[in-house]
Amino acid sequence: MAHVKTGYRWIESNVFPRTVESLKNRPACKVVDPCAEGDLCPSPLKCISSDPGLYECVCKDGYEKIPSNQGTCIDIDECNLETNAAPCPMNSHCENLKGSYKCECNTGFTPQIGSSLIDPECVDINECSAGIDNCAMKNATCTNTIGSFECVCAEGFQHNAPDYETCQDVDECLDGTAECDEHAICKNTMGSYECDCKEGFFGDGALCMAQLRVNRIMSKVEGHEPIADIDECKNIPSPCPPTSVDLCVNTQGGFKCTCRTGFKKPRNCHGNKAAKCSNTRGGYKCVCAPGYDGDPYVDGCKGMETVSSNITT
């Protein structure tokens with residue numbers, strides 16, 4: 001072995017080329033991407049190449065590092081109201097996922113066809129036309145609202161207080177809203193009522209006449225002219241209650257009082273509980289209860305003490 005000076009070491013001739021030409025022709029060095037070599041970072045970290053040949057582990061999208069432990073990543077709650085990172089569109093709410101989130105349509109809404117999971121366009125569901133309401137079993141009709149629906153009681157029914165969940169039949173015979181003749185018997189039915197003339201009377205129930213009078217009107221006595229009908233509605237004052245909305249209608253052998261178009265008979269004499277509804281031939285009238293005075297058709301019935309006080313002052 002040859003003598004080697006201090007600061008040098010002996011290398012066999014076959015380790016490196018011995019000529020300048022061979023040094024020029026040697027292969028060039030290439031930069032290696034360490035992240036391409038495999039999973040160098042544990043989940044949920046991901047590998048990112050930095051300087052040539054170097055890499056670092058960072059949190060995946062939707063995750064963030066714990067300040068106290070830089071090697072651990074936790075899910076970002078985009079639905080957190082404080083961060084407000086996931087502003088969901090109208091009529092929807094946010095649901096957090098691992099590393100992401102999604103927007104779900106609120107109850108009563110459905111995603112428009114073609115909408116994205118992150119940003120859906122939520123449209124109202126018409127529960128009435130879709131047949132997914134339960135109004136029919138409540139004796140009600142369905143009315144669609146934005147995001148929901150309402151069950152409106154059918155005619156002849158009213159909400160069952162206090163829960164207002166179902167509709168119960170209105171007993172028109174009991175609450176005084178039935179328009180039966182005073183000589184008729186009121187019979188309540190589901191959602192309505194019927195009027196049947198009492199024995200000895202004839203008519204449709206809304207108007208009942210004594211059978212004897214009907215026979216006289218309908219028959220022709222030999223040698224006599226038929227008895228002409230009397231138009232009671234021409235009488236002054238009118239036989240109907242003195243209000244601007246009551247209408248007298250003449251009938252064969254009698255008359256009836258009905259409401260003009262756009263009005264209906266009040267249940268408690270214009271809403272005044274101190275007034276009583278008194279049935280009359282062909283109609284009704286409102287009278288103040290004992291201990292009350294006033295005009296039940298104008299300002300209602302008031303206690304006698306109140307009336308006296310108003311007169312005194």
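The backbone N, Cα and C atoms fix where each Cβ goes, and this holds for glycine too.
What TrEMBL records for Cys240-Cys257 is disulfide bond. The feature domain 'EGF-like' is assigned by TrEMBL to 75-115, 124-168, 169-209, 229-270.
According to DSSP, Cys257 (disulfide bond) is assigned to a strand segment. According to its DSSP assignment, Cys240 (disulfide bond) is coil. Other Cβ atoms within 10 Å of the Cβ of Cys257 (disulfide bond) number 22 in total over all chains.
Take the CB of Cys240 (disulfide bond) and look out to 10 A: across all protein chains shown you find 21 other CB atoms.
For the domain 'EGF-like' (169-209), the DSSP counts in helix, strand and coil order read 4 helix, 18 strand, 19 coil.
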